[in-house]
Structure formats: structure tokens, C-alpha cells
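Q: Okay, here's the structure, questions in a sec.
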Amino acid sequence: MTTQPEQIDLSRTHMVGIGGAGMSGIARILLARGYSVTGSDMKDSRSVLALRAAGAEVAIGHDAANVTGGAELPTVVVTSFAAIPKDNPELTAAREAGIPIVRRSDVLAELMSDRRAFLLAGTHGKTSTTSMAVVGVQAAGLDPSFAIGGQLNRAGTNAHHGTGEIFIAEADESDGSFLSYSPEVAVITNIEPDHLDYYGTEEAYVAIFDEFATKVTPGGYLVCCLDDPGAAALAARVRAAGTAPTVLGYGSRAAADQHPDIPAAAIIEEMIPDARGTAAKVRFNLPGQEERYEDIRVAIPGAHMTLNGVAAITGGALLGADLEKVIAGVADFDGVRRRFEYHGEAGGVRVYDDYAHHPTEVTAVLTAAKELVEATDAGRIIAVFQPHLYSRTMNFASEFARALSLADEVVLLDIFGAREQPVEGVDSRIIGEKLTCEWHFQPDFSAVAEQVIGIAKPGDVVLTIGAGTVTMLADEILRCGREAQGE
């Protein structure tokens, strides 16, 4: 349980698990604002090295002395309770010393408190949409602060302390902590059951988004994707309640026609996929502005990415950024690390990596891959999938199988358990048994790359998919492929 004062004293902040995607971003902003930052993590990493270079003191390993062994005690200890157990020695030391322990979301809320917050929430697509919003608002000549769950390819960072009045952030619903925020603009990309290990029921998971909608500031906007049944239903419920905030929708023409009672701020009239991504014609009808049609481009393949781009553009424009400049910025967006990230080509085989770890995300990335294959007259799609969490694998085995069956061939790795202990009788084969395409189960991680190169042919597209260590295989597959070619 957190012990949060009314106002958090961030002057000497200690962060447990400082190298994680969310924690490292907050640390970067704290350092840029002049606060003293210490922290710990289980191993060195690129983010830990970067934080040290920026002025943070980071210890490897968790030890009570990291909290109480310095000349001065920290004024606050920050953690992610989803990732760090309550009996962690640093948390125990903080409790015994009377140091407040808060969640990372509480600190992020404090950092946003003097800014106009633009938050991106939803089961899927948060990182990509947040990233596009950042590059779009930056292209409009503004300098927003931002905190993202992934690393912007071009900027090489996941966070920034800006001079402007806007703060753009990804709002993580996994443990309900996004209820700490008070956004002026909140985008909901989609809502469907996930994180049932925390919420218990689908109803509880959906209900947390209704509560999040109440956090939008007076005069603010809740912007929901009309193509997603869950997000559209939320928009309808909030409108029916007749209370703040103003509810707007975005999405395809077909979806807008299905929801005529939800004012559409942006309607995609046409989407044209090609080898460079997707071009689209969009009708914007933003409050206080004349209706206008604009051509947009999103360089990352997939209809889901086009929807994310439209969401980012709409939110930026609602905060006063110049619409045409935001559109130009999004067109120039070159992706986020581990979101349909191109790693290279070996022997005519192209290798991509993606963080997808929910059936809907897997469906989206494989659909995007099929669009890419069709646009470039390429060969087959080979998916290398590592399930994430035993509970998620059990709950969604059939859904994962349907999604992965979009590939021509699948290599299944062992489950990446993360915070969970193994469950007897549960491994990746419960997905494989339901696949309708050719598949292989490879429990030996060190043998995967060689097996994939043995399967792949020139023209094929290989996708490494999952939230765990599978990302390490993208470059290893390329290395094996080049060795096989004698390169």
C-alpha cells in the first residue's frame, strides 16, 4: 500500500526499479527539473547507463542500504507495485524509516500538475499513439514534456522535460494507477479485457475506464475510437450521463455512421495502404473550428496505426496545436522501439520486432504485416511468438491461436512468466494445438534463430512478437541469416 502525502516532496527521490520503461522516463524528467535522483535495478541496462550519465546514482541490486545508507534520507521512495514485491528490502527500509512510498503514477501526476495534460489510454496502442502525439505537437513548434512507455526512434529517449505548457503521457491502466491523473484531453484507443490477474473480472476492468473518464478536467475532452466497441460504448455511457467532459469520437466513416449520437471530431473517409505505410483522407470537425478535409500519412503499416495517428492529431489540435503542422509531424513519425520495428534483411528475409502480447495486438501487427507483404509482393509471414504471463496464456489461448493463424508459419517459444510462477500443464502448446497454420514449439531459446533461418525463404517476413526476451532474437536471426549467406 502506498503512503502518499498531499504534496510529494521530490527533492531527493529514490526509485526502486529505476531502469524500467516507465520509471526511467520519470527519472529523466526529475533530473531535468533539478531534483536529486537515486535508484536501484537488478541489472545494468542502456537506460541505467543513460540515467547515470544524466546525474542519477544507480545501484545494481536491491538493498536496504540503497535507501538508508546515504548522508541524507530520500524524501520519497517511488516504486511500481505491479513489478516490485512489497517485501523488497528497500521498501521495507523506507517503511521503517518513515519515508513516504508512492507509485510512479503519483509522481507523474505531480509533474503534470502545472501543465495541460494530454493522456493516451486504452488496452492497446498507447505507446504508438502517445509517440505520434509527441512528434506532432513538436512539429507544431511547441515543446511539450512527455513520458512514453517506449523509446522514440528519432529522439532516442522515452521522456523529456519541455518548456511548453503541454504534458503528453501514456496512461497505464494495468493496476488502476491512471486514476491519479487529471487530463485536459484523454484519448481512449480501445477497451477490451486484459490484466485480469489484477482486476479479477472483465466488468471490473471495463469499469475502471468509466472512472478514468471522470478525471478529465472541467472543459476538457474525452476522445474515443468509434471503431472499437469498448471505447465507443464508453463514449455513449459518458454522454448519456450528461456530465463533463465533452465527448468526441474518431474513426472510420463506417464506424461514425454506426454511432451518429457521438460527435465525430475526425472521420477517416478513405485509407490507402502502400509500401510506405498508409495514406488517408480525413474530415476534421473540431470544436470552434471550421470543418475541413486533410490528407494524412502514417508511415507505419496497418489500419490500427492510421487510427492511432488520427487520435494523436485530433488530441494535439484540441490543445491548440496547428492542425496542418501536427499532420506533417505525424507523417514524419518513424516509429517507436519494438513497435513494428524493422531490424534489417538477410538473404532476402526481412526481420521486424513487435511488443504485441495480447491477441488483439497480435492480430493488428500480423494484419499490418500482411498489408506490407501484399504491397511489396513479398513472400510468407513467419511469426516467432513468446507468450507473456501464464494467466494471460490460459485466459486467451484460443484468441491467441486465431490471431497467430494469420501468419503462414509460427514458431512458439516457452512462456515468459515475468512476475508469475509456472502453472502445471500450461505451456505454449495450448496455443499451438488450436492453430490453423503450420507451427513449431521450440523451448530451447538458443536454438530459435537457427530454426527460423532454416524455415525462411527469400521474400519472407519474420516477426518476433512478445513482451519478454523474444526481442533479443530479431538481431540473432539476422546474424544467423547472414552467416548462412556467407556475409
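Counting starts with 1 at the first residue shown.
Cβ from N, Cα, C; glycine included.
Keep in mind the model is a prediction, meaning the values are calculated, not measured.
Under the heading ATP binding site, Swiss-Prot lists Gly122, Thr123, His124, Gly125, Lys126, Thr127, Ser128.
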Q: Taking the Cβ of His124 (ATP binding site) as the centre, how many other Cβ atoms fall within a 10 Å radius?
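A: Excluding its own Cβ, the number within 10 Å is 24.
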Q: Inside 10 Å of the Cβ of Thr123 (ATP binding site), count up the other Cβ atoms and send me the figure.
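A: So the number of other Cβ atoms within 10 Å of Thr123 (ATP binding site) is 23.
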Q: Neighbourhood of the ATP site (Gly122, Thr123, His124, Gly125, Lys126, Thr127, Ser128): other residues with Cβ within 8 Å of the Cβ centroid, in order?
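A: Everything else in range on the chain: Leu120, Thr129, Thr189, Asn190, Asn308, Glu361.
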